[in-house]
Amino acid sequence: MIKVSLISLGCAKNLVDSEIMVGHLHQAGMAVIPEAEKADVVIVNTCSFIDSSKEESIGHILEVHQHRGLRKRRKEQKLIVAGCMSQRFSKDLSSSLHDEVDAFIGLDQVTKVAPIIQEIYARERTKTDDPVSFVEGRSTFIPDYDTPRFRLTPKHFAYVKIAEGCNHPCTFCIIPQIRGRHRSRTVESVVAEVRQLVREGVKEINLISQDTTFFGMDTWEQRPNPRTPVDSGRGTALTTLLRQLNAIEGDFWIRLLYTHPAHWSDELIRTIAECPKVARYIDIPLQHISDAMLSRMQRETSGGYIRDLIARIRAGIPGIAVRTTFIVGFPGETDADVDELCAFISETKFERLGVFRYSQEDGTRAAKMPEQLSAKTKEARWHRTMALQKQIAADVSKTYVGRTLRVLVEEPGVARGEADAPDIDGRVYVPRELPVGEFADVTVTGYHDYDLLALPPGQKPAQWKVARQAQ
């Protein structure tokens, strides 16, 4: 039996691709093991969103190659590179990683990984042969509800990819060139998958894609544009999906990630407010507030539009936690642009916020723009905005003290609230005896920046110990 070890890097969307590969390997009778040193084949599922992601991916590839030369039994081990970096740069990497890599596979080969492994073993590669590339053109694959998949997340939460690809023209982003144009799954396919996950005991469904708000629009008879609002009157839309998911029997959260501000509509706001299973949490990357920056980024929004949208979301969905991300150091960004961004962050007080330093990515229009900023300037602006948000986060956390929250227990002593997505947001530290993978009601007793401390109602602090991570 061939033993395969898989290293998954990058975002949750890449993790789903890894889960699909593992599912197909199991179906083909291959063993998937966590220890790379014991595997016959190692697959590195790479990320190439920004330079640091590519560097991390290449670092893992080189580490696997280095280790397989240290032990006699690993010298015949095969190394396969998959994922976004392979899809985008396989031709370039074929020469630079000639000695390290046996094969490159693209995004459309995640369901073909087992026969590809068998083909690699059937070939006799000489030292002068280039690595085999199975990468095809622009990706067109999209998973279905019955696509074999082995979940790599804890049993109580899952990521569900509702679409693939992106139609947005953001000047800083390479993703549309890697993952292709937007293509939605059917509502029936997503509902079938979620229903099965709930049957298996999943308590949190995280909906993901490059742009979840564009779901269904690619099937409309009248073609939408990058600013078309969610509107079920024109055809299948995200609101259609959310209402059908909300109707599934069971006790679970539906969390909406990766929304685009240009597509938000009053219908979407109303739908979230009317669907109790949809978490009072939204992920809406805004990227900037300066009109000049939004125009150069080609974000299809304006500062005025964004301010109005956030106000409408908060008014229409009481108790909503808004998560966003911004980019600082974009070409041409001035001190005045950063001042405006910081003022906006201060006045809006986002419940959750992250900041990226702009990364000059080959193949993007922004990479060729004049007025590229220095790494020192980017770093200073990142520190300024994050320091501001750290204080805001503490102020937001303070408002939770004394409130009762429903949390999902992640591990002994650690939980997440409705306002906390997996991996990217804060934690709620709770007594260790609360059952993992289940919901619990707790009262917040304290906080530390982004994290909360909480107890079951009526329990006194002396009756429990804080989880080690919080000490």
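Cβ coordinates are placed from backbone N, Cα and C, and glycine is handled just like the others.
Feature annotation from Swiss-Prot assigns [4Fe-4S] cluster 1 binding site to Cys11, Cys47, Cys84; the stated evidence is sequence analysis. A C-beta separation below 8 Å, combined with a sequence spacing of at least six in one chain, links Cys84 ([4Fe-4S] cluster 1 binding site) to Gly10, Asn14, Thr46, Cys47, Ser48, Phe49, Leu107, Ile175, Ile178, Arg179.
Of all Cβ atoms in the protein chains displayed, 23 besides its own lie within 10 Å of the Cβ of Cys166 ([4Fe-4S] cluster 2 binding site). According to Swiss-Prot, the [4Fe-4S] cluster 2 binding site annotation covers Cys166, Cys170, Cys173, on the basis of sequence analysis.
The domain 'MTTase N-terminal' annotation in Swiss-Prot covers 2-122.
Residues annotated as domain 'Radical SAM core' in Swiss-Prot, with sequence analysis given as evidence: 152-395.
Sequence annotations record features per position, and here Swiss-Prot assigns domain 'TRAM' to 398-458.
Compute the center of the Cβ atoms of Cys166, Cys170, Cys173, which mark the site for [4Fe-4S] cluster 2; besides them, the chain residues with Cβ within 8 Å of that center are His168, Pro169, Phe172, Ile174, Ile175, Pro176, Gln210. Here the domain 'MTTase N-terminal' (2-122) returns a mean pLDDT of 88 for the predicted model. Across the range of the domain 'TRAM' (398-458), the DSSP-based residue counts are 1 helix, 29 strand, 31 coil. Recorded residues Cys166 ([4Fe-4S] cluster 2 binding site) and Cys11 ([4Fe-4S] cluster 1 binding site) have their alpha carbons 15 Å apart, per Cα-Cα distance. Taking H, G and I as helix, E and B as strand and the rest as coil, DSSP gives the domain 'MTTase N-terminal' (2-122) the counts 66 helix, 22 strand, 33 coil. Across the fold, the C-alpha of Cys173 ([4Fe-4S] cluster 2 binding site) and the C-alpha of Cys11 ([4Fe-4S] cluster 1 binding site) stand 15 Å from each other.
Between the CA atoms of Cys11 ([4Fe-4S] cluster 1 binding site) and Cys170 ([4Fe-4S] cluster 2 binding site) there is a gap of 19 Å.
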